Amino acid sequence: MNANPKFLSADAHVDAAAVAPLPNSRKVYVTGSQPDIRVPMREITQADTPTGFGGEKNPPIYVYDTSGPYTDPDAKIDIRAGLPALRQGWIEARGDTEVLPGLSSQYGLERAADPATADLRFPGLHRHPRRAQPGKNVTQMHYARQGIITPEMEYIAIRENQRRAEYIESLKSSGPNGAKLAAMMGRQHPGQAFGAAAFGANALAEITPEFVRDEVARGRAIIPANINHPESEPMIIGRNFLVKINANIGNSAVTSSIGEEVDKMTWAIRWGGDTVMDLSTGKHIHETREWIIRNSPVPIGTVPIYQALEKVNGKAEDLTWEIFRDTLIEQAEQGVDYFTIHAGVRLQYVPLTANRMTGIVSRGGSIMAKWCLAHHKESFLYEHFEEICEIMKAYDVSFSLGDGLRPGSIYDANDEAQLGELKTLGELTQIAWKHDVQVMIEGPGHVPMQLIKENMDLQLDWCKEAPFYTLGPLTTDIAPGYDHITSGIGAAMIGWFGTAMLCYVTPKEHLGLPNKDDVKEGIITYKLAAHAADLAKGHPGAQVRDNALSKARFEFRWEDQFNIGLDPDKAREFHDETLPKDSAKVAHFCSMCGPHFCSMKITQDVREFAAQQGVSETEALKKGMEVKAVEFVKTGAEIYHRQ
């Protein structure tokens with residue numbers, strides 16, 4: 001997209017690649033108890049099994065869909081107008097918010113009055129911001145603790161279930177072998193959940209709205225849903241739900257425009273980003289964020305200290321509580337769903353980093369450490385934490401308590417500074433919960449595999465099971481350019497142990513700002529890690545997609561293999577590099593083994609022979625061996641023959 005500001009406002013558009021439906025997929029909606037609860041899912045159509053393999057019907061499978069209206073051909077996409085306000089009616093019906101006459105942050109008012117920003121501003125519908133009425137608390141946690149099941153909670157329950165029960169029923173009615181097929185496709189290995197909800201191997205275990213409410217009330221899950229982001233589709237972050245992933249985007253002082261960041265957001269959610277963090281540190285942070293939020297169907301997170309630092313020209317020592325407070329209100333009124341706040345970086349912990357290999361690597365952590373040292377005072381984030389809670393509960397902004405002292409190398413993993421901060425984050429969690437403010441805890445970082453579980457166990461203990469949100473962790477430091485892999489290994493492990501959301505890492509980590517291709521690579525890598533964790537935990541229905549793809553692979557349904565996978569485009573591209581013809585899409589082999597050495601084709605031949613002989617597959621193999629033994633003796637019982 002052209003970076004020219006005038007072009008942006010006049011002709012801004014979404015990338016065509018981000019709105020095209022995925023192959024053999026369509027957007028479907030499942031309606032809840034009221035007509036305006038319409039939960040999106042992606043339906044993947046499958047071909048029938050070839051006659052030679054049984055000829056049964058393969059019903060569509062349903063997968064979690066984060067792409068919002070962008071992949072719905074019936075939706076009118078205009079990023080200048082933004083997305084429909086999906087939750088507006090639910091928010092209004094609760095009767096506990098008020099519409100403000102205008103912006104109440106000083107900086108927001110200044111930007112709105114500045115003629116230099118006119119061409120950069122979001123041109124769509126300008127709703128006045130909402131805030132809780134005096135004395136009211138509008139957080140999803142508050143409602144949950146009052147015993148209220150909100151529409152958001154019902155929406156989430158439907159979304160997490162992914163129509164598993166309907167899929168199994170459709171298998172049962174697919175033909176004479178339907179019951180057998182349903183049992184096979186619904187089979188799932190028991191998981192090891194490390195104290196999380198024990199669903200076992202029950203693929204049909206249902207996530208109910210009441211279960212969602214209870215998990216939020218306990219603080220074990222959060223629903224990031226600012227009342228000023230009504231465009232968002234409700235989702236949940238907690239270890240008893242599907243593991244989620246976050247994608248980071250954002251401009252810097254040296255690269256990227258507003259248009260490019262909107263493109264990255266729509267691209268990230270196409271491939272499975274459950275939330276997006278705008279980490280912009282360059283020009284026009286306020287305007288960039290407005291465009292992103294108004295066009296985002298997923299929760300948006302930020303690190304407010306980044307923008308506060310820009311307001312004091314990059315001088316950390318000039319930061320004040322008043323500037324930071326105004327920044328929180330500014331962003332809350334725009335609709336940011338969760339704030340990363342590094343309130344655990346206390347003055348007493350800063351000296352503990354002196355002997356580290358890589359010091360303080362968190363931007364937010366280093367900003368607050370510098371402020372503490374410059375003033376030799378306790379962090380104003382820590383000192384004013386209760387006041388921050390008052391702001392959060394007025395808009396339902398969730399805390400993402402930042403790990404400002406996370407290790408930046410495996411050398412520094414699990415050291416005194418990191419664990420001291422984690423203990424403080426646990427204390428702050430208890431304070432936030434007194435205000436019914438939702439909390440998740442950020443985690444490392446760089447941690448070798450043998451130390452990962454200790455991180456998870458300490459977090460569960462000290463933070464009382466508040467959701468854990470980790471960056472990786474990276475399990476080795478030797479692979480610049482491949483840190484999506486070094487971190488994907490750690491992400492799969494810590495997701496299995498109980499982490500609720502994984503922050504993606506792209507191949508550009510430590511090297512540069514990611515482009516769209518890097519964003520996709522990071523997303524797919526982390527979707528894979530999250531799914532592997534769901535399988536290992538034994539999450540209900542986690543294996544359905546694996547079973548469907550494996551069946552398609554065994555039956556040489558190549559198109560279904562591509563389409564059920566996380567990245568149909570890459571799978572098709574790799575296959576077509578060596579077998580590009582359409583005939584290869586129905587062939588009973590690939591270029592790996594060729595037509596004569598395909599193990600799956602050989603297995604099919606054994607099954608066909610068994611069916612012809614009216615014997616079991618084991619007996620068929622035995623008969624085949626006997627025939628070959630007779631042939632061996634008749635030809636002279638020689639191992640080798642001259643040609």
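Please read every residue number as a count from 1 along the shown chain.
Quick reminder: no glycine exception, Cβ is built from N, Cα and C everywhere.
Here is what Swiss-Prot records for this protein:
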- ASN248, MET277, TYR306, HIS342, SER362, ARG363, GLY364, ASP403, GLY404, LEU405, ARG406, GLU442, TYR469: substrate binding site (BINDING)
- HIS446, HIS510: Zn(2+) binding site (BINDING)
- CYS590, CYS593, CYS598: [4Fe-4S] cluster binding site (BINDING)
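Within the same chain, the residues at least 6 positions away from ASN248 (substrate binding site) whose Cβ sits under 8 Å from its Cβ are VAL276, MET277, LEU279, CYS503, TYR504, listed in sequence order.
Annotation for ARG406 (substrate binding site): spatial neighbours VAL361, SER362, GLY365, GLN418, GLU442, GLY443, PRO444, GLY445, HIS446, LEU471, criterion Cβ-Cβ under 8 Å with sequence separation of six or more. If you take the C-beta of HIS510 (Zn(2+) binding site) and look for same-chain residues 6 or more apart in sequence within under 8 angstroms, you find PRO480, ASP483.
Ranking the binding-site residues TYR306, TYR469 by C-beta neighbours within 10 Å puts TYR469 at the top. Reduced to three states, the DSSP call for GLY364 (substrate binding site) is helix.
The Cβ of SER362 (substrate binding site) has 23 neighbouring Cβ atoms from other residues within 10 Å, across all protein chains displayed. Counting every protein chain shown, 23 other Cβ atoms lie within 10 Å of the Cβ of GLY364 (substrate binding site). With a cut-off of 8 Å between CB atoms and residues at least 6 apart in sequence, the same chain places HIS342, GLY344, VAL345, ILE360, SER362, GLY364, GLY365, SER366, MET368, ALA369, GLU421 near GLY404 (substrate binding site), listed in sequence order.
According to DSSP, ASN248 (substrate binding site) is assigned to a strand segment. Cβ-based neighbour count (10 Å, all protein chains) for HIS446 (Zn(2+) binding site) stands at 26. TYR306 (substrate binding site) falls within a helix when secondary structure is assigned with DSSP. HIS510 (Zn(2+) binding site) falls within neither a helix nor a strand when secondary structure is assigned with DSSP, and so counts as coil.
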